[in-house]
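Enquirer: If you scroll down you'll find the structure; I have some questions about it.
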Amino acid sequence: MRMELISVIFFFFCSVLSSSALNSDGLVLMKFKSSVLVDPLSLLQTWNYKHESPCSWRGISCNNDSKVLTLSLPNSQLLGSIPSDLGSLLTLQSLDLSNNSFNGPLPVSFFNARELRFLDLSSNMISGEIPSAIGDLHNLLTLNLSDNALAGKLPTNLASLRNLTVVSLENNYFSGEIPGGWRVVEFLDLSSNLINGSLPPDFGGYSLQYLNVSFNQISGEIPPEIGVNFPRNVTVDLSFNNLTGPIPDSPVFLNQESNFFSGNPGLCGEPTRNPCLIPSSPSIVSEADVPTSTPAIAAIPNTIGSNPVTDPNSQQTDPNPRTGLRPGVIIGIVVGDIAGIGILAVIFLYIYRCKKNKIVDNNNNDKQRTETDTITLSTFSSSSSSPEESRRFRKWSCLRKDPETTPSEEEDEDDEDEESGYNANQRSGDNKLVTVDGEKEMEIETLLKASAYILGATGSSIMYKAVLEDGRVFAVRRLGENGLSQRRFKDFEPHIRAIGKLVHPNLVRLCGFYWGTDEKLVIYDFVPNGSLVNPRYRKGGGSSSPYHLPWETRLKIAKGIARGLAYLHEKKHVHGNLKPSNILLGHDMEPKIGDFGLERLLTGETSYIRAGGSSRIFSSKRYTTSSREFSSIGPTPSPSPSSVGAMSPYCAPESFRSLKPSPKWDVYGFGVILLELLTGKIVSVEEIVLGNGLTVEDGHRAVRMADVAIRGELDGKQEFLLDCFKLGYSCASPVPQKRPTMKESLAVLERFHPNSSVIKSSSFHYGH
């Protein structure tokens, strides 16, 4: 009887165990769960071994055979790695782990899931290369690996997948050439990478609707074959590369917006505003460009009589010197041709000069009503230039030149100015060059003739890197008209002089400006390492996200920003538009704050003048240019001024309601940037609100929140890391009164040195 009872109990337990055993797909997902280190939202809490299958788990869907079809956990704040075991889910068709914090490489065996149709791992921290095994996913329809840290070359077999229609790989570090193919792709975004080489001629097909390869290092000409198979309504963005030559005369390219070709100084033709030079156009050329002989002379044999000129349609059967032209006739033809060419040259030169004289005379007549027709040099040390200094500037008439300057040299100089992007047509009259540092050596002609390279552009201005003949380098912003008028110059000049007096190691130095009839230039020191939105430092658009900067450099950047803002506030100024694109990095990665003072010029809004000549200089309405539009292309000497539009995510909430800027606005922007430096990702408003509840006991939580790339450097420094997080959240508090001052914020950061774990005591309290 006892044996029978034991047998019944044994079989009962066996049946229970067999009925509750988790299937193979569930076991694979449990391995995935074990690879997740942080799950702050407890989304994986329902995943356990008690179920027969994972079909009831959060983020999982199955087929009728309890096999996993979908794994979807986007925006879940998960931290971990992608396990190779996911490749064992042989029926998996859709995988979405976007906008999390998964890191590490993509395992090769991960691509054994051959049924995958949708793969989205965007906005993570995945590194390494894309394995060539991705070419085995023949059913793949959509691939989104954007906003990661992937590098290496793009697999050639990726472009050959016959079902792939959507490919998004932007904001990574891919290099090498773009493989040819992509015949069935409809959406292809490879922007903001390090791709070089040339565009392949066999690229895309009739299905293509969107192509973006902007902000790369692609060089060479645009192959004419590249648009043959494109539909006419396709969008093609080739901006900010190193492309050269003419844009193919194809409806595909002619239908594009001109800004889709900007940032390529070597490109010419429609739809850009840079026409291609036509060698046969009637113009006066320099002696170096003139062939050694005229066409008539070039057609004559080198030795008279050795190869006589004959009728090309006749057969030369009996060469006879007497059938050719006599030497006297030949000499007469040559002399006549030379005389004719000389007469034509004189006529063209006369017409050219007359037209230029007429333009200059008209301009001078208009300008005499308001100002003198000399170019004045002003400095802070003297309100007006001496006569000797004024004589150093020449009137820009087409007929006026130095004695040693030839007409061809004049034209070469004009061509250089046009290629540099500067307009030299209006350089007389009420033009004014103002230098704010006493540099009397800088002349407007010297600046306008400098070698210039386009660094970036916005709707209101273009930024150039200007290299003078003596080797000095400046950042020159050419401002658009945007309603700028001469009558505003009287208000602008004292304003820009006040801005020029703000000299600090963590501020971009304003060297001067030029106010002309058709040219408004603002001159800065050139800052070589670009801004925090440079692809070398950032991960994704719109955020600093400096994933590849060590903790020591990040702390240095935070301290420098705090010092610069504290100085501005001490001088009774407000920046009002602080964001990563306005944080520039010098040779030693010392930050320099830019974009203070230009809003006054562009908008003409009333500034709030205080005692001592200081002023409030910004409006609250901002338009934030994206990293793809500007600054991601490399060194950005000065950020773009903002025009009226949408608010920046770095603007304080109260700036929506108030037109008068406050130092608390800058504190808010600093707090958001500090949190991005700490976490290595964009910080949402919800996270800022939740983070304000950090307590002293949350040291381990602060470590988990920190960027994975710097956690090793912060070992044993949890207390200071927690203080940094609390400072960032306090600065970004939605309540202005709870934000510390920049002086207090700087005091917190100065307590810690990156190479030391000693933290000095501080009397600063958060949330006061």
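Backbone N, Cα and C atoms are what each Cβ position is placed from, and that goes for glycine too.
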Enquirer: From the list Asn64, Asn755, pick out the residue that Swiss-Prot labels N-linked glycosylation site.
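Expert: Swiss-Prot annotates N-linked glycosylation site at Asn64; the rest carry no such entry.
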Enquirer: Out of 67-90, 163-183, 184-206, 207-229, 232-254, which stretch touches the repeat 'LRR 3' (115-137) the most, going by CB pairs under 8 Å?
Expert: 67-90
Enquirer: May I ask for the residues of the chain that lie six or more residues beyond the repeat 'LRR 2' (91-112) and have a Cβ under 8 Å from a Cβ within it?
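Expert: Distal contacts: 25, 38, 63, 67-85, 118-131, 133-134, 136-137, 139, 144, 681, 708.
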Enquirer: For the repeat 'LRR 4' (139-162), what are the same-chain contacts with Cβ under 8 Å, counting residues 6+ beyond its ends?
Expert: 93, 98, 114-132, 168-184, 189-190, 195, 539-541, 547-548
